[in-house]
Amino acid sequence: MSFDHQRIEEKWRNYWLDNKTFKSDSDTNKDKYYVLDMFPYPSGAGLHVGHPEGYTATDIIARMKRMQGYEVLHPMGWDAFGLPAEQYALDTGNDPEEFTRQNIETFRRQIQELGFSYDWDREINTTDPNYYKWTQWIFLKLYEKGLAYIDEVPVNWCPALGTVLANEEVIDGKSERGGHPVERRPMKQWMLKITAYADRLLEDLEELDWPESIKDMQRNWIGRSEGAEVHFGIDGLEDTFTVFTTRPDTLFGATYTVMAPEHPLIDKIVSTEQQQKVADYIKDVQAKSDLERTDLAKEKSGVFTGAYAVNPINREKLPIWVADYVLMSYGSGAIMAVPAHDERDYEFAVKFELPIIPVVEGGNTEKEAFTGSGPHINSAFLDGLDTQEAIVKAIDWLEAHGKGERKVTYRLRDWLFSRQRYWGEPIPIIHWEDGTMSAVREEDLPLELPKTNEIKPSGTGESPLANIEDWVSVVDPETGKKGRRETNTMPQWAGSCWYFLRYIDPQNPDALADYERLEKWLPADTYIGGAEHAVLHLLYARFWHKFLYDIGVVPTKEPFQKLYNQGMILGENNEKMSKSKGNVVNPDEIVASHGADTLRLYEMFMGPLDAAVAWSTNGLDGARRFLDRVWRLFVTEDGKMSGKVVADSSDTSLEKAYHETVKKVTENFEALRFNTGISQMMVFINEAYKAKEIPQLFAEGFVKLLSPVAPHLAEEIWESFGHSETLAYQSWPAFDEAKLVEDEVEVAIQVMGKVRAKMMVSKDASKDELEKQALELESIQDWLEGKTVRKVIAVPGKLVNIVAN
RNA sequence: GCGGGUGUGGCGGAAUUGGCAGACGCGCUAGAUUUAGGAUCUAGUGUCUUCGACGUGGGGGUUCAAGUCCCUCCACCCGCACCA
């Protein structure tokens, strides 16, 4: 008989909600455990089967930790600002707030139907003014400390979306959302000075328990690079310009210099003869999109300016070129070119027939650039030194002569923080008619987003808020000075940078969270979400957290101690699930047909949590079959404890299997290896079916082990065993190491590394005994006939290997 | 191109420090049971030329012993991509 999942799941879902079973208490003296999910964007499409994968993983940890006696914080909320709601509103004329509210209702219902043990009293929503009040407050603090500033920067303007996108939201020259073309356009934008934290963001990665791949991605993203700035004079002019190089040791090999097309000095230095050519080239480059500029990378282009730089180390005159392989946004926007020892410079020098002077011995610069290290040549006082020594000596020389200095640069750029959108947190700044600017006073927060049914882009690049005159115009009540509110809003990342703090104290009207409570709960012990947030969300959140740490708001340097990335669930055809491919699995349907417990079990059993695995309907059926087997084993047709389960059983046949199961399940769950933990539970059930009777202690222990994965079913079985209290806080089973070892163990006997026989021996049998017994075996003697035993390796408890020929 | 990762039966995947490859599940085969079943139970299931041999992407090596360590090549996935 199979269990009635619809009845059981509804019963326990309501029980947990009505009794607030999973409410966490910040004032206990239990040890804390904070298990965090990446909160979802509540899209109109509803929950995807990918969501429950990570949520089940964290739920298993949360439920296990509760049973192990921890006070567990396990919250859920909504990352509800964002473009889709705004786009929907534009398309349909509906209110994004209403649309978002409905989506949240759907998500909450779906998540609750899956039986996750969230404390719903801590639910947060980034679009709630009581929440974004604090998002705005953090912005004001950043502004106060000079970390938020306005800059005129070339931005990724997307005409179709009517907004500016961050670099990372542009993929292959198109918008990440919608795939619309993106162009460069200079605009005044709010920037956050994340680069001020570059070193700390890099260094503190060391102490985090994160996947190495994610740490690496963050390291690459930050892109720290040590070298020197070198100041070059310009022949015939007073001006100088600066280049950044990681190889100051090759300064004697510089044969030309290059400025990025946007370099401000070009206009000034260009010679009359070259003026037209340079202007044409720059115009050409500007017409190219970023995509074209990088795509055409294979063929170098550039033009001579007619001007010459003076190499500070030897007074050599070097032609100054303009080329788009030099980027204005990195270093100082100009380089010294050492074609003998840099592949890009080499390629350029070959194409434009510029001299190539080797200064490091080792390669063949007739054929290619040599980027390795070796003794220096043609380099005056650096001759004979190896690369490392020469770098140090070159920098020392530059510093001593005022021609340059040691310098660290980063690939990381400041964070473009404004968006020309309606559905985001308003930036709490007022621009006054006299050209000054001031922050909205803290006591006036939250600065609420005005209601409107006019959310079309203004088209000028301003957000739709610019159209709402009542809201935009302000008058200083004291001076009568007129002003205009900032019309840009914050990007979606803003709310998700600190949401895990608000869960800790979600109703606090006076602070984003109480400091003592933050001390109790931080950092998040386990944080699980998709790998797509490897750099953006995780880097931005770390940045804000470090800032909040610096101003004394949070007690820890890092927000997320242990991070894990769940993999993707693919469609049955092994492709990414998508509406267009028609391979989307809807969790609601699975919950109806197989039940939430089955879905949870199946998603955890599919494979390792971090792997991308294809959905399988057969596999899902198998998961359900296992739960049915468990149910039938323990519960009778009329819902009572099965007669096979015996309270005072003296049957010890299941002892070893039970203790092994407790051990493996506990360890595997702890390490997020749910697939192997579940397989061990299956082994136990297979054994239990073979046993004559099952001691009730083992049956109850098993139900506890199963409960984090299949909580509804486990509660029901627990109740049928005669318990009236929820299983959620019962103590987690312990195992006895002594019960794991048997007196007799089977060892394999190998001849020349191949298993030829097996025998049962006492677990304490010594090497000598093993060897002796193995050699006496008849079947082994057959194998040894005509051979001489050269050596015998005996590993107690494992095997004996006889080397003979 | 650079960085990271993965490669094991028909399929998803297991295998502490190198120590019996293929746990567990799916699928498949046979039997039992059933009015019947896509239900349940039992047994079997890596390949082959089956008292044996061969098997963890290919090739080589270290070792008594290699999925695991070393070298090399191949394929696929993810991230970055003229970062000086």
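From the backbone N, Cα and C atoms, a Cβ is placed for every residue, glycine too.
No curator has checked TrEMBL annotations; they are predicted automatically.
Per TrEMBL, domain 'Leucyl-tRNA synthetase editing' is recorded for A:219-399.
Sequence annotations record features per position, and here TrEMBL assigns domain 'Aminoacyl-tRNA synthetase class Ia' to A:412-604. Taken as a whole, the domain 'Aminoacyl-tRNA synthetase class Ia' (A:412-604) shows an average pLDDT of 91 in this prediction.
The annotation ATP binding site is assigned in TrEMBL to A:Lys579. DSSP assigns A:Lys579 (ATP binding site) to a helix in the three-state reduction. For A:Lys579 (ATP binding site), the same-chain residues 6+ apart in sequence whose C-beta sits under 8 angstroms from its C-beta are A:Ala45.
The annotation domain 'Methionyl/Valyl/Leucyl/Isoleucyl-tRNA synthetase anticodon-binding' is assigned in TrEMBL to A:654-768.
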Could you break down the residues of the domain 'Methionyl/Valyl/Leucyl/Isoleucyl-tRNA synthetase anticodon-binding' (A:654-768) into DSSP helix, strand and coil, giving a count for each? 63 helix, 19 strand, 33 coil
